[in-house]
Amino acid sequence: MTTQYGFFIDSSRCTGCKTCELACKDFKDLGPEVSFRRIYEYAGGDWQEDNGVWHQNVFAYYLSISCNHCDDPACTKVCPSGAMHKREDGFVVVDEDVCIGCRYCHMACPYGAPQYNAEKGHMTKCDGCYSRVAEGKQPICVESCPLRALEFGPIEELRQKHGTLAAVAPLPRAHFTKPNIVIKPNANSRPTGDTTGYLANPEEV
């Protein structure tokens, strides 16, 4: 493998505006049922009474997540046709001419990255905009973020710059697939496995 690329996600900056998601959909010409990049909204808290005085501990934060181009991708392991594969540059992609649309990859991926495109009759997913990267450009989601909450580059450089945190609630633990992401947590971020909050927009992710 030449260089493993990855994403840095700054949850302290992300406002959940979905510009990255819409830019991706426009660039990839995706229908309403498919979104390669999705915004997770995690929220929780309640009101508590203390001697007649009410206090709140309500919180919410956002995570912009696409395919994490994992070191140990679950999707490639279950693909019966070999359509889902990891390139030399680390991008996990699907060969749409080989894919049979069985959806095993979608069921295996803990992030739901591979998505079935009913119009095309096969699986589709984020490819890291590898054609843009080859031209020295940034992925369209990174380029479009108005808050500069996304960053892209060789994952080791991102880890040296931003640390190694790769999971907060509601994401799964990182050891399952070894995702190539780095997360800067929001001040309200909860650890993976947290039960004090909930995914506030499940139909969108």
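The backbone N, Cα and C atoms fix where each Cβ goes, glycine too.
Binding of [4Fe-4S] cluster 2 is attributed by Swiss-Prot to Cys126, Cys129, Cys141, and the same site annotation extends, among Cys17, Cys24, Cys70, to Cys24. Swiss-Prot names Cys67, Cys70, Cys75 as [4Fe-4S] cluster 3 ligands; from the candidate set Cys99, Cys102, Cys109, the record adds Cys109 to that same site. Classification of Cys109 ([4Fe-4S] cluster 3 binding site) by DSSP places it in coil, neither helical nor stranded. In sequence order, Cys20, Glu21, Ala23, Cys24, Arg37, Ser64, Ser66, Cys129, Leu150 constitute the residues six or more apart from Cys141 ([4Fe-4S] cluster 2 binding site) in its chain with CB-CB distances below 8 Å. Within 8 A of the CB centroid of the [4Fe-4S] cluster 4 site residues Cys79, Cys99, Cys102, Cys105, the other residues of that chain are Cys75, Val78, Pro80, Ser81, Ala83, Met84, Val94, Ile100, Gly101, Arg103, Tyr104, Pro114, Met123.
Separation of the C-alpha atoms of Cys102 ([4Fe-4S] cluster 4 binding site) and Cys75 ([4Fe-4S] cluster 3 binding site): 12 Å, rounded to the nearest whole number.
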